[in-house]
Amino acid sequence: MRSRSNSGVRLDGYARLVHQTILCHQNPVTGLLPASYDQKDAWVRDNVYSILAVWGLGLAYRKNADRDEDKAKAYELEQSVVKLMRGLLHCMIRQVDKVESFKYSQSTKDSLHAKYNTKTCATVVGDDQWGHLQLDATSVYLLFLAQMTASGLHIIHSLDEVNFIQNLVFYIEAAYKTADFGIWERGDKTNQGISELNASSVGMAKAALEALDELDLFGVKGGPQSVIHVLADEVQHCQSILNSLLPRASTSKEVDASLLSVVSFPAFAVEDSHLVELTKQEIITKLQGRYGCCRFLRDGYKTPKEDPNRLYYEPAELKLFENIECEWPLFWTYFILDGIFSGNVEQVQEYREALDAVLIKGKNGVPLLPELYSVPPDRVDEEYQNPHTVDRVPMGKLPHMWGQSLYILGSLMAEGFLAPGEIDPLNRRFSTVPKPDVVVQVSILAETEEIKAILKDKGIDVETIAEVYPIRVQPARILSHIYSSLGCNSRMKLSGRPYRLMGVLGTSKLYDIRKTIFTFTPQFIDQQQFYLALDNQMIVEMLRTDLSYLCSRWRMTGQPTITFPISHTMLDEDGTSLNSSILAALRKMQDGYFGGARIQTGKLSEFLTTSCCTHLSFMDPGPEGKLYSEDYDEDYEDDLDSGNWMDSYDSTSNARCGDEVARYLDRLLAHTVPHPKLAPTSRKGGLDRFRAAVQTTCDLMSLVAKAKELHIQNVHMYLPTKLFQPSRPSLNLLDSPESPQDSQVPSVHVEVHLPRDQSGEVDFQSLVSQLKETSSLQEQADILYMLYSMKGPDWNTELYEEGGATVRELLSELYVKVGEIRHWGLIRYISGILRKKVEALDEACTDLLSYQKHLTVGLPPEPREKTISAPLPYEALTKLIDEASEGDMSISTLTQEIMVYLAMYMRTQPGLFAEMFRLRIGLIIQVMATELAHSLRCSAEEATEGLMNLSPSAMKNLLHHILSGKEFGVERSVRPTDSNVSPAISIHEIGAVGATKTERTGIMQLKSEIKQVEFRRLSVSMESQTSGGHPSGVDLMSPSFLSPAACIAASSGSFPTVCDHQTSKDSRQGQWQRRRRLDGALNRVPIGFYQKVWKILQKCHGLSVEGFVLPSSTTREMTPGEIKFSVHVESVLNRVPQPEYRQLLVEAILVLTMLADIEIHSIGSIIAVEKIVHIANDLFLQEQKTLGADDTMLAKDPASGICTLLYDSAPSGRFGTMTYLSKAAATYVQEFLPHSLCAMQ
């Protein structure tokens, strides 16, 4: 008989340990593990982690088998794992209705339960009696389902189960925007049942999605139908949000030890090695103690100060748990595993020794890992005074099976029984390894032969869409519809993937659908409902963004391939040449670089071997040879009106396979194109219809008169509040380019001269006749507007003999017409009438919220300014925006547009939003108009009109300059660049010498430019280089510096007006006021501002801002680094409606925070910040008067009472705001200051 090897003996020892601590508790029927002896429920997360030691031991036996007996042990252990995983599957599959509902609702009431009955797999508590929504638990199950399947275990047994797992993928793919209760089941750390976005859930979901992608759940015995499909864009959404959260864990937890499972084993979800190390160091620095790590700061679980009879904490109670949080040895097991996977032998040795010291020896010397160590109740005060000095006692479960399992797994790996690749067969541990450079393949296609000829004349040789056959080209929305059939199962009542827009990663692959290759055009070209794709410059910008995104986020095998079609809308207005922006982009791509990406242009057929190609096996024919299974026909036949056209498919011919699929997609394409005479709109009647009609082209006086004729009472109740002034100007009536001879016809308001019949009523037929005769697009829009408001959208004008035409249809036709000539003011105007909404609006809103940015729409104060703090359904979101816009459809449309741009920048340049936690879109729009008025030296009316007439690309560019803080200027010309009707307004970056880029390079000189642009603001570096903090060459005492710009002093409106007598000496006037207005509107504060506010609150009873108090008790609930605290402070500051005044209050608070570093216990009760600002204002006025300034120069802002010059003063220097604010703060709190500090007075 062969003797047992040493390794075999050691493995037998681990087998005894596993049986005595884990497997002895496994239910023989369900395979589930109870939480402990006294807690018989089975938690999903704990079960998965607890079985890992069994799985690892089985792999070790399989690898190190000395005898057949060892192989039998390996099989037994592996089947114990399979039994548990299938037990959890049975628990969840019983709740299949919840999975179906949650895909659409993301509601906590529709979530899978977090724990089940160990004996029956049934639920144990009600939907609303536990924090069930824990996406990390479902994700960790799916992650190890993938890893175990890849290691050779057979867990999934039927296609029904495959479909269920596919729907679990849809369940977790929205983790990046779903607030849940997290790994500790508490949600917000106040333990009041408030869900929040958790980095641990997002990271684990990202790992599970990546692990399952293209995995065959039947293993080597599977086929195409058992493969799981994951959309790469959803994975990257999770990655973006995860990177934006880390090293924070959530809005209420600035750090959490559970993040170890995200940055290291098992998820390995973070690709940035620096961020991985930063997160680990945060955990070690802030959470590690002598017995393990705290879960998070101020965690009250099982501490002596926790009241076990009360489920929730009081917010101020959290301070009691500081420094006495329980320490969990569990997290040291993660550090051991992390050291093994990263090859850090010293780390492994250090934490193994530390863990051995806290293990408890059980019966027969069995090492047991306790759940946690707590401070003894009689030594709490001692621990408060000297943290980490008191000896703690073990509490909770013994052993803690989750920790016990990871301890055993770490020991097996540390002793060489398992290699990292065996426990991680999907190679997730290489996530931080640098990826090879990405070359984006771009295939340029011409829509027609004519466009191909035009491109050839420019030296660009392309194919037409017809010439790439047999490769099929389809728009992105078709791919969304195709994926909506993925996971369908009528027997389980699973509908498949919810319809969502397709991202650029999804459209940059080729797809094999029944042996036919399909390629899909980018989503941004396929904008059906909104007008962004009408702007060729915007198309170029979105293409540049997508290319850059692909280079940084592409992780799949093969190179990304973008199919870029050139359509007739990308031609110039004469249709004989290509738009200059499009042509320039094509030339750059041909040169090999565009948008920071390496580009390879070529034919689609040349890219077949190098592209990433996905086989959509779920599109393969069913058992009877049909294109789809019966499930899909039932779900989508009615929606697509497909009839029986696909029932006669004959599967014997591969050629006919491709043709049949093509016919199906063509049919689908036809049904997804909106009918040209059925543009989306909403019927309005009565007063609502009238209110909708009060818009930019309406004369208010004539509307009042017309309202009397319509017998509408209290008409002023329905007139919208204007954005910038009491009465919004009407847009200029600009004639159609087809009739230049009419260009001198004066602009008229149609409603002023409404034709009347003999009885005095409005003669609508005459109005229709006017509509037919006029060639002015503006007049056509005005007339249709009046018909829309007075007769309704479905009124038949009988304009055409055959069938007539409704108002809605005519507006849609006009929309197309103005779109062709790029009249952006009218495009937005008609888009507002027709209630056209941006398709990705709700996704844009959700993206912003997922980055922990709250949104407000409308202008302050509340309740006019509406706050969006959680994702909303599309209809609810558009309704809220309409309400905040107070009936102004143009503002409503612009708000949606700005929201989309903000989301674009958030995804690509999140650094623009540093230290901003609330994006106030109403104020941003107002500031954009103000900047136009200031830069162009024009009136409010002209600025408003100019803003509405900006092209989408120019609007996005202006927004970027405002967000980035770059120097920029604006030029206006009567010679337009892209339209015969819209005035051109271009935004240029300012160079070091103060000229615009175009002037500096001499590319173009606009003879008709109105005025030289001026700087947006002076850079801090420029200011610091000058004496006293003021720009060199500026006389501080000169009227041009001390007084407001003459135009501001003389103007009674919201914006400065043109002043001809201004000189170049005045060019810097208003710079600091503009900067404060911008920073205040954007909620921009200095780095570390909120942490400093937290410190000052500890030394006073609170800060008062215009009557709203930020109490010191806030610090008892929240820690300095919490996003929740920053949002709370920001919400108090946002009570101030004037942005520049708000920013001055921020500067005053900054001065106060300097007092926090002084060794003083208290600096008073509640500090009124606005009083400090007003004291500083008085000091400033006194000093300026002694220097000879008169009352005209020292004009005050009527809203705040602050001198305009103080707003326009630089922060530093003798006359800087910080000087006066420091003196004012010292005056206000001098009785609490040391005597030496009062000397500054």
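From the backbone N, Cα and C atoms, a Cβ is placed for every residue, glycine too.
Per Swiss-Prot, the features are as follows:
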MOD_RES   S629  phosphoserine
MOD_RES   S730  phosphoserine
MOD_RES   S736  phosphoserine
MOD_RES   S739  phosphoserine
MOD_RES   S759  phosphoserine
REGION    811-841  region 'Calmodulin-binding'
MOD_RES   S812  phosphoserine
MOD_RES   S973  phosphoserine
MOD_RES   S982  phosphoserine
MOD_RES   S986  phosphoserine
MOD_RES   S1019  phosphoserine
MOD_RES   S1024  phosphoserine
REGION    1064-1104  region 'Calmodulin-binding'
MOD_RES   S1131  phosphoserine
LIPID     C1238  S-farnesyl cysteine
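By the criterion of other Cβ atoms within 10 Å of the residue's own Cβ, the least surrounded of the modified residues S812, S1131 is S1131. Each residue of the region 'Calmodulin-binding' (811-841) gets a DSSP state, and the totals for helix, strand and coil are 21 helix, 0 strand, 10 coil. In the predicted model, the region 'Calmodulin-binding' (811-841) has a mean pLDDT of 83. Under DSSP, residues within the region 'Calmodulin-binding' (1064-1104) fall into helix, strand and coil as 23 helix, 3 strand, 15 coil.
Between the CA atoms of S1131 (phosphoserine) and S812 (phosphoserine) there is a gap of 42 Å.
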